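In what follows, a single structure is set out as structure tokens and then discussed.
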Amino acid sequence: KHLSVYYFVLYLYIVTQASRISACCIKMGSNLRFLSLCLLALIASTHAQLQLGFYANSCPKAEQIVLKFVHDHIHNAPSLAAALIRMHFHDCFVRGCDASVLLNSTTNQAEKNAPPNLTVRGFDFIDRIKSLVEAECPGVVSCADILTLAARDTIVATGGPFWKVPTGRRDGVVSNLTEARNNIPAPSSNFTTLQTLFANQGLDLKDLVLLSGAHTIGIAHCSSLSNRLFNFTGKGDQDPSLDSEYAANLKAFKCTDLNKLNTTKIEMDPGSRKTFDLSYYSHVIKRRGLFESDAALLTNSVTKAQIIQLLEGSVENFFAEFATSIEKMGRINVKTGTEGEIRKHCAFINS
């Protein structure tokens, strides 16, 4: 009796999922044994896992193509390492790591049109890699995997940490401006907001501290901290959490023209922006973090202690810890199996 109920439940489940079951399974629908097998196949296909060397058989040269392109071109634009790791971060925080940040919109309502992504760059770099991979293996390798691999390879090529990149991600077909605006942490985020947005993605406070460490490379625009310097509470004042000497230096030599704050660039890790190291944390602990979100790390005893612990350790330890967190980030809500699609062009869905 219990087995009959069990098989009946299986049958009902498969009927509700009929659009996702192969024709052969439908033809065998009267055979309970085959229904069970079909159900197992369905579960396996929709809940597949990422794995190292996913393309070993279907496109064995895929990862080599990404790596070679990076090595051939990164010396011409080393700042792309920071740009691509930022793109990877912004992608994973909206609908998971599914390359939705790469999609275009005819109505300018895609993720890349949201304020947090207006200064994201490197799209052409990913498109060029994708075209090479497509020439080798049409319709096999996802844009999501290419972005994840390229982010890692550019960081390594510029002297940063190596981390494992299991592959098998599939591309999303939805990209929404509002979701990007609501889910990507802003430079002005306070600690509560940061903690909430990271927790929403299954990331903890340690991940918050370590992933913030990517600010050790790259640049920002003065507009990202203009409020901290010139109008923190709307009264023409300065953020008291920002070291006064550092703020004075920024206003005197960096963000000097209020009419050019959107175009004036500034180092996120002064004196060390091209080196992936611990100096970002040194600036933060001295209250010289560029963003309010950097300063927010000192407002919580746990994250502050973690920064101090990182500074007391070696850069090799930081690399290892960072690698663990960014690999974890790269698994956020990934689409695998039969979910999503493999885009032919990263900026457009297939249909």
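Just so it is clear, glycine is given a Cβ too, placed from its N, Cα and C backbone atoms.
Only one of Cys143, Cys222, Cys255 is recorded by TrEMBL as the disulfide partner of Cys346: Cys143. Between Cys137 and the candidates Cys59, Cys92, Cys97, TrEMBL records a disulfide bond only with Cys59. Each of Cys97, Cys255 is a candidate, yet TrEMBL gives the disulfide link of Cys222 to Cys255. If you count neighbouring Cβ atoms within 10 Å for each of the binding-site residues Ser100, Thr216, the highest count belongs to Ser100.
Taking only the Cα positions, the spacing between Cys59 (disulfide bond) and Glu111 (Ca(2+) 1 binding site) is 29 angstrom. Summary of the Ca(2+) 2 site environment: with the site residues Thr216, Asp269, Asp277 set aside, the chain residues having Cβ atoms within 8 Å of the Cβ mean position are Gly213, His215, Ile217, Ser272, Arg273, Thr275, Phe276, Leu278, Ser279, Tyr280. Separating the Cα atoms of Glu111 (Ca(2+) 1 binding site) and Cys222 (disulfide bond) is a whole-number distance of 23 Å.
Counting only the Cα atoms, the space from Asp98 (Ca(2+) 1 binding site) to Cys255 (disulfide bond) is about 36 angstrom. Over all protein chains present, the Cβ of Cys59 (disulfide bond) has 20 other Cβ atoms lying within 10 Å. In this structure the alpha carbons, written CA, of His215 (heme b binding site) and Cys255 (disulfide bond) are 19 Å apart.
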